[in-house]
Structures are given as structure tokens and as C-alpha cells.
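The following features are taken from TrEMBL:
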ACT_SITE  207  active site, proton donor
ACT_SITE  373  active site, proton acceptor
BINDING   112, 113, 207, 208, 209, 306  beta-D-galactose binding site
SIGNAL    1-17  signal peptide
């Protein structure tokens with residue numbers, strides 16, 4: 001059971017900028033110029049009550065739901081001084097309960113795709129729900145995005161916790177997971193932690209859709225993006241990383257009299273899948289220098305970007321490094337992302353089709369937003385050459401991502417402090 005110690009205090013924020021929005025029911029803490037509050041937001045049948053948590057600094061306001069640990073809103077100031085919501089979402093709880101596009105949510109146990117919805121861990125085959133063509137996506141039909149998390153205030157933020165039972169969505173082991181959102185000035189930090197009772201794949205991320213012109217803006221064609229990656233992962237027609245196959249070096253059946261009997265087994269199970277890692281140089285995926293998204297989308301095959309960019313290679317240390325930067329010249333808003341994860345999935349909302357009615361009645365269409373999903377590489381549990389995604393008993397999964405919201409008045413996009 002979640003125990004939250006609340007303190008009722010008088011709100012002293014200048015409400016001129018937020019005539020309707022900033023009216024929290026309970027203020028639970030004020031530390032280092034960050035105000036943290038929460039209020040009831042609705043009830044889901046069979047699941048329980050959902051709360052809205054508000055993190056407010058002098059530059060940024062963030063709203064978080066206990067359903068799915070969802071980032072519902074991020075209000076950031078433009079060069080004209082106007083505060084706008086730059087994250088897509090819904091006006092009410094019903095929208096999030098029925099959402100199938102993971103708007104703002106923490107996804108897991110494993111973000112991104114697992115080929116054919118199956119994997120082998122410690123000699124046992126596990127089968128998952130197939131919910132994206134022939135593959136499993138973002139943890140399954142009832143992943144972390146559909147759970148109500150237990151929330152409590154921490155310094156400058158909120159911590160949300162969840163227990164995923166053994167066998168949840170087909171995954172092994174009971175997993176205790178938490179995500180802590182803290183807001184310091186213009187920087188929103190997401191810290192993910194997890195422990196498991198059995199060896200299990202784990203890969204958590206946040207699936208917020210951003211539009212720096214404002215959540216209701218039509219598209220992101222006038223945004224500039226850069227990603228600090230020399231390599232990316234090409235994908236097949238089902239968005240699984242393209243693979244080559246090789247036999248394990250220690251496959252003893254090749255030297256035994258049982259070779260013929262084991263041949264079929266070897267073909268089906270013993271070939272190691274090794275995903276291709278391709279250099280971005282000379283391709284439309286070279287985003288090392290800022291490019292206009294609209295122009296670059298014309299060069300990318302398929303519907304748009306939905307690819308993993310390799311921020312580090314499998315043997316590199318997990319240290320926080322710069323991942324990406326997006327700049328919107330008209331508003332002056334800049335989003336910078338850093339992470340300790342080896343990859344970032346850059347997605348340009350290719351499957352939004354206008355059927356979603358979002359906040360303030362906005363219709364979210366193709367290329368109306370972008371996601372920067374910091375994570376391990378997709379299908380890593382089945383790809384022998386990818387960074388290890390297995391969490392063993394006694395170990396702790398740790399993932400840190402930092403979103404920094406800046407503003408600049410110059411045409412160069414170089415953000416001012």
C-alpha cells in the first residue's frame with residue numbers, strides 16, 4: 001500500500017501565467033524552487049483511483065499521471081514568453097485508458113519490439129502476446145502503461161513504483177520497478193530502477209510525443225533535429241533489426257555422431273541472430289549535424305523515422321552522454337536529451353492518423369510529433385551481438401534520461417542558459 005505524507009501549504013506561485021492550470025488541491029513539498037503537488041484525477045473500474053502530480057519550477061511545468069507513469073504535459077516557455085504545452089495527450093482519463101499509441105507512458109517490461117514475441121532465457125522458451133504485426137511491442141497487451149503506479153513525493157519530484165508479478169505478460173520473475181521524475185530548473189530527469197527474482201529481459205523508456213510548436217500544432221516539418229550517433233539499425237518490413245545468422249562457436253553437435261539428428265534443431269534454435277549495425281554516413285540517417293525534419297523525411301524510405309540510433313556500442317560503458325537535440329526556430333524552443341542508455345529510438349509519429357482526439361480537441365495526425373525513446377537496442381534479447389538486456393537476480397537495472405527544455409532567440413539554435 002502506498003503511504004503519502006501530505007502537507008497543506010499556501011500556494012505562492014504567480015498565477016498570472018496559469019489562470020486555470022495551476023490550482024493544485026494538495027501541495028506536498030517545495031524544494032530548490034520546485035513545487036510538487038498532487039490531486040485526484042479520476043477512477044478506473046477494476047484498477048482504482050488515478051492521481052495527477054504536478055512539478056513546477058520557474059521555467060517548466062510537468063504533469064504526471066499515476067496511470068502508466070504518464071507524462072501528461074510539459075509546459076515550456078518560448079522566446080515570446082508564452083508558456084505552451086509541448087506534449088501530446090488527452091483531456092480526460094478515458095482517453096488514456098483506451099489509448100493504443102502509448103502517449104506519454106512508461107513502457108515495459110521491454111520497450112520496442114521482440115521478434116515473433118518469443119525469446120529463450122537460461123534454456124527456456126518464453127512466449128509473449130503478439131500485438132504488433134508478428135511481434136511483441138512495448139511489454140504486451142497490458143504492459144506497464146496500463147497499470148496504476150504507487151506514487152510518493154521525493155525532493156523536487158515524484159517517485160512511482162510498480163510490482164510486475166512472475167509471468168506478467170509472459171515474462172519470467174517478479175520485478176519491482178520504479179521511475180523517479182525530478183525537475184530542477186529547466187531539466188526533467190527520469191531515473192528508472194528495477195530488480196527481479198528471475199533472469200528476465202528489461203528495457204524501460206518513456207514514450208512522450210513532443211511538438212515544440214505546441215501539442216496542437218499540425219506537424220514537425222519545421223523542427224531541426226540532430227542525434228549523436230555514428231551508427232543506426234536498419235530494420236525489416238516488420239520493424240525488427242535486420243539480421244545475419246551464424247553458428248555459435250561452441251556448438252558441439254557439429255563434432256558429434258548426432259549431427260544429422262540435431263541438424264533441424266540447429267537450424268531452428270542454434271543459429272545466433274546478429275543484427276546489422278550500419279554507419280549513418282552517406283545515408284538519410286546521418287543526423288550528426290542539424291537537419292530540417294520535413295526535408296529529411298522525404299529522403300527516408302517508408303513512412304518516416306522509426307529507427308534505433310546507436311549512442312554507444314555493446315562493449316562501451318553505460319555512462320550518461322548527449323543523445324539528441326531538437327530545435328524549433330519559430331518558438332525558439334530547444335529540447336536536449338542525454339542518457340546512459342546505448343540507444344535512442346527516433347520516431348516521427350508515422351502511425352498517428354487523425355483518429356485520436358487529443359487535448360483541447362486537437363487531432364493528432366501523421367508526423368504531428370516526434371519521440372526520442374532512450375533505451376537498449378530493440379530485440380536485444382534475440383540478438384547475440386547487441387547490448388545485454390538481461391537482468392539477473394541480485395542485480396539492479398539503472399537507467400537515467402535527462403530532458404532539458406531551453407529557449408533561444410537566435411536563428412542558429414544555440415540555446416542560451
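Backbone N, Cα and C atoms are what each Cβ position is placed from, and that goes for glycine too.
The Cβ of residue 112 (beta-D-galactose binding site) lies under 8 Å from the Cβ of 137, 138, 203, 205, 308, 345, 373, 375, 378, 379, each on the same chain and at least six residues away in sequence. Residue 208 (beta-D-galactose binding site) counts 27 other C-beta atoms within 10 Å of its own C-beta, drawing on all protein chains shown. The recorded positions listed here are 306, 373; among them, 373 has the most other Cβ atoms within 10 Å of its own Cβ.
Within 10 Å of the C-beta of residue 113 (beta-D-galactose binding site) there are 24 other C-beta atoms, taking all protein chains into account.
Within the set 112, 113, 207, 208, 209, 306 that the record links to beta-D-galactose, no two Cα atoms are more than 18 Å apart, and one pair reaches that distance. Within 10 Å of the C-beta atom of residue 209 (beta-D-galactose binding site) sit 25 other C-beta atoms, taking all shown protein chains into account.
Taking the Cβ of residue 207 (active site, proton donor) as centre and 10 Å as the limit, one finds 23 other Cβ atoms among all the protein chains shown.
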